[in-house]
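Asker: Structure incoming, see below.
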Amino acid sequence: LAMSSATSTTSLPSGLHVLTTFPDVLFIPEIIFGGLVWILVASSKVPYPILQGWVMFVSVSCFVMSTTLLCLYICGAHGGSSSWVTLVSGCDKP
């Protein structure tokens, strides 16, 4: 695997080349485990449903955000701009 797209400021990968850099490959397990969290939260019994609703909102939002970012990277929507590294870093902090 190549060096991180986050450390490379010259060009960001697009298309299927996204899946050849280590940090970008981590999108796949992030999406898989995000889907599992979503399923587990939805199937759990919580005494206060409002708490489950909030956790469900956060898990679904993170799942959708990760999937959207992966699709945008694959489509090449970043146009090589390094500001996308900041966007991905901000999205991965929660």
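Glycine is no exception: its Cβ is also placed from the backbone N, Cα and C atoms.
Those TrEMBL annotations? Automatic predictions, nothing curated.
Feature list, courtesy of TrEMBL:
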DOMAIN    18-94  domain 'MARVEL'
TRANSMEM  25-42  transmembrane segment
TRANSMEM  54-79  transmembrane segment
Asker: Using DSSP, how many residues in the domain 'MARVEL' (18-94) fall into helix, strand and coil?
Answerer: 60 helix, 1 strand, 16 coil
Asker: Can you tell me the mean pLDDT for the domain 'MARVEL' (18-94)?
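Answerer: Across the residues of the domain 'MARVEL' (18-94) the model's pLDDT averages 78 on the 0 to 100 scale.
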